[in-house]
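Notes for the one structure printed next.
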Amino acid sequence: MAQRPNLLSHLQDLVTKFKNMTMAQDRFKFVFTANEAALEGVTDPIRLPNLIRKAMCLARAPISKYKVGAVGRASSGRVYLGVNVDFPGLPLHHSIHAEQFLVTNLALNYEKDLCKLAVAISTDGLEFGTPCGNCLQFLMEMSNALDMKILSKPKHEAGSFSSLRLLLPNVLPKGSPFLLEKRYNCLTLSGSAGEICSLDCSHLKRRALAAANNSFSPYTESPSGVALLDNDGNWYRGWYIESVASNPSLGPVQAALVDFVARSRGKMFNKIVQAVLVEKNNASVSQERTAKIILDTIAPNCDFKVFHCSVDCAKRLKYLRETLVIDTLGDYTGLHY
């Protein structure tokens with residue numbers, strides 16, 4: 001009988017440790033299911049600001065000292081966070097905007113759209129408004145851009161959503177491809193680099209190739225992907241996301257670093273020990289030099305390798321056969337490279 005209090009105390013300690021561990025994990029959470037978001041107070045889109053402080057705490061702004069958070073809801077019901085990321089020792093044009101982070105987060109989780117967006121424009125996270133012009137361009141290239149709503153909220157007021165189309169209309173030429181649309185670039189590794197295991201092996205260059213096959217590069221046709229490995233053996237990936245306006249484009253290293261920030265639970269960039277870039281040989285836009293500059297600066301002990309790829313004509317033909325839709329008028333739709 002005398003042991004029961006000790007057993008109860010032990011169980012209470014275990015419960016406390018579990019709760020603390022769960023809270024620590026939640027601290028670095030960038031993706032919320034609808035139920036998880038509801039537990040954070042986001043029961044409908046107008047309450048997206050309830051997650052903004054959590055987002056701002058996750059921002060990495062050692063240079064600008066200005067932490068920005070963004071919270072968005074997809075049609076799946078999941079809620080995503082975006083944060084700004086500066087890279088110590090690098091010019092600010094390499095930085096990632098919070099809205100870019102959020103859209104990349106959506107892409108890495110294979111979401112199809114972004115329905116509602118709240119971006120903090122004050123350091124206290126109480127005021128919400130229009131994204132910067134750079135990010136508006138990025139957002140307008142999504143397939144549902146005309147239906148997307150942006151929260152406008154002065155301090156201590158309820159706020160309301162406005163249509164994105166009113167902020168930046170007609171930025172895409174008719175027939176332009178859209179961000180977040182499913183893509184397969186039909187790439188294969190060139191030469192001896194392709195002689196590795198099977199398509200589902202875990203080699204970092206195979207993961208980088210898979211990322212490159214998801215890359216959105218319809219204007220320069222220079223798809224590329226990056227895979228990273230940290231000191232604990234965890235891997236991350238990202239791909240080049242191109243904008244019709246050029247400058248808002250996000251490189252594959254930055255996209256992979258979005259994945260790293262979102263899933264590494266607070267690790268510093270110097271914990272990245274390996275990186276692989278896969279891109280086309282003689283691509284009109286090469287990522288190699290930029291990737292090396294970024295990784296040499298933020299992860300000086302990282303082993304960086306580059307492998308080249310090319311379009312596999314047999315895969316491309318098979319892909320076209322499987323995805324091409326021909327309507328009764330002979331028009332071709334559903335084709336994305």
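Cβ coordinates are placed from backbone N, Cα and C, and glycine is handled just like the others.
What Swiss-Prot lists as domain 'CMP/dCMP-type deaminase 1' is 43-164, and the listing cites sequence analysis.
For ASN84 (substrate binding site), the same-chain residues lying six or more positions away in sequence with a CB closer than 8 A to its CB are ALA59, ARG60, ALA61, SER64, TYR66, LYS67, VAL68, SER95, ILE96, HIS97, ALA98, PHE101. Look at ASN84 (substrate binding site): DSSP puts it in coil. For ASN84, VAL85, ASP86, the entry in Swiss-Prot reads substrate binding site, with the evidence type similarity to another entry.
Annotation source Swiss-Prot lists Zn(2+) binding site at HIS97, CYS132, CYS135. Within 10 Å of the C-beta atom of HIS97 (Zn(2+) binding site) sit 22 other C-beta atoms, taking all shown protein chains into account. DSSP assigns HIS97 (Zn(2+) binding site) to coil, not to a helix or a strand.
The local packing around GLU99 (active site, proton donor), expressed as other Cβ atoms within 10 Å of its Cβ over all shown chains, amounts to 24. According to Swiss-Prot, the active site, proton donor annotation covers GLU99.
For the domain 'CMP/dCMP-type deaminase 2' (199-320), the DSSP counts in helix, strand and coil order read 45 helix, 33 strand, 44 coil. Annotation comment: Swiss-Prot describes 199-320 as domain 'CMP/dCMP-type deaminase 2', evidence class sequence analysis.
Long-range Cβ proximity for VAL85 (substrate binding site), meaning a same-chain Cβ under 8 A and a gap of 6 or more residues, is found for ALA59, ARG60, ALA61, SER95, ILE96, PHE101, GLN254, LEU257, VAL258, VAL261. Of all the binding-site residues given, namely CYS132, CYS135, the one with the smallest number of surrounding CB atoms inside 10 A is CYS132. If you take the CA of GLU99 (active site, proton donor) and look 10 A around it, the binding-site residues you hit from ASP86, CYS132, CYS135 are CYS132, CYS135. Neighbours of ASP86 (substrate binding site), defined as other CB atoms within 10 A of its CB across all chains, total 20.
CYS132 (Zn(2+) binding site) sits 17 Å from ASP86 (substrate binding site), counting Cα to Cα.
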